[in-house]
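See below for the structure under consideration.
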Amino acid sequence: METLNQLLDLKEPGVMDYVHLQGVYFIHSIQALFKHHGDLMQFITTVGDPRYAFLIYFPLSYCLHRHTGIQVIWLACISEWLNAVLKWILHGERPYWWIHEIQQHDHVMHPVSLQQYSLTCETGPGIPSGHAMITAAVMYVMMRSFNKHALPSNRNDLKFMIWCLYGMLLFAVNISRLFIATHFPHQVVAGTIAGMLLGEVIKHEHVSKLALPHYLGWCTLLLILVAVTYYTILLIGLDPFWSIAKAVKWCANPDWVHPDTSLFFSIDRDISTLSGFGVSLYLAKRLKVDSELRNPLVKCLQIILSIAVTLTMESYKIPHQNELIFYIGGFIKFFSMVNIVVVVIPYCLKKCFEPVERIKNS
């Protein structure tokens, strides 16, 4: 195997050059191992997509257990927001563009090539992995809630199996992220650890007791911190959008560049969802809407309708040619989505089935 000096044409390559190069070799071996399972790998990486914390895991958990649903929405927003800020600060490369950028050096001997896929070309920096971090955080709380509320307290064997499933899911998502060459190994490990730690922190916080002023205050704080981070990056002479240019330049297919993976869109989704959720809790209280409908059939209908609405709304792609319209449209979409799940659907079901329940009980 060629030495790093030969490969990089650098007299004294840095530590991250060694890490990235070894990561490329590892990714290449993963792609070779699973070369006949590309569709499966892309499906697994879709399962770990941060969007599904908002589109599936939140409505599912909120309909089944209100407190868990509130924890999930907080974790989804805070972990994605923190992930975006850390990516800005840590300035991490992605393998699918790093391997091309390094070839720009004279006399570089390039040992391997990496295959790109339709989900490869994400536009944000690489560390920590958002898929790993947000999946680890959200699933941590969901698995813990399932063990606590759905399993007998004396069935430690079943609880252990649930945590094993949790570990297997994280491992599969991380491998899929490496397979599509969108992350280096150290980036998915960092994301997983950060997500688990965040899940452990949030589980101790009584977020279910927070009211609308708290939500608006948190959204304001998050926006201020984002602005401070953004302008600090500008002041020290760096480009906050450097990764977008690299994604556009080195993606094998321009149609694979995903604008909704940008850091600004992630932050837009987090602020709109968190503020929208605060408003929805206020409206639900005023309208006396109960999120946890008692009738099992009605509860199943609530889950189906909620997920159907979120996925349908997500299927509408906001035009990204105009950035202002793109971000305003994203804000409105997620703000409306959470209000429909928390207020509109439970309210309509209550009005439809309340007379039936009265007749049964009379």
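First residue shown is number 1, and so on along the chain.
Every residue, even glycine, has its Cβ placed from backbone N, Cα and C.
No curator has checked TrEMBL annotations; they are predicted automatically.
The active site, proton donor annotation in TrEMBL covers His131. TrEMBL lists His183 with the feature active site, nucleophile. Marked as substrate binding site by TrEMBL: Arg94, Arg177. Residues or ranges marked as domain 'Phosphatidic acid phosphatase type 2/haloperoxidase' in TrEMBL: 68-203. Here TrEMBL flags 160-180, 215-238, 325-349 as transmembrane segment.
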His183 (active site, nucleophile) to Arg94 (substrate binding site) - Cα separation in whole Å: 5
For the transmembrane segment (325-349), distant same-chain residues with Cβ under 8 A (at least six beyond the ends): 54, 58-59, 62, 73, 259-260, 264-265, 268-269, 271-273, 275-277, 279-281, 283-284, 287, 289-291, 293, 298, 301-302, 305-306, 309-310, 313-314, 316, 318-319
Arg94 (substrate binding site) CB neighbourhood, other CB atoms within 10 A: 26
Cβ packing number for Arg177 (substrate binding site), 10 Å threshold: 30
Integer Cα-Cα distance in angstrom, Arg94 (substrate binding site) to His131 (active site, proton donor): 14
Structural state census, the domain 'Phosphatidic acid phosphatase type 2/haloperoxidase' (68-203) (DSSP three-state): 95 helix, 1 strand, 40 coil
Winner by Cβ contact number (other Cβ atoms within 10 Å) across the active-site residues His131, His183: His183
Rounded inter-Cα distance in Å - Arg177 (substrate binding site), the residue listed as 'active site, proton donor': 8
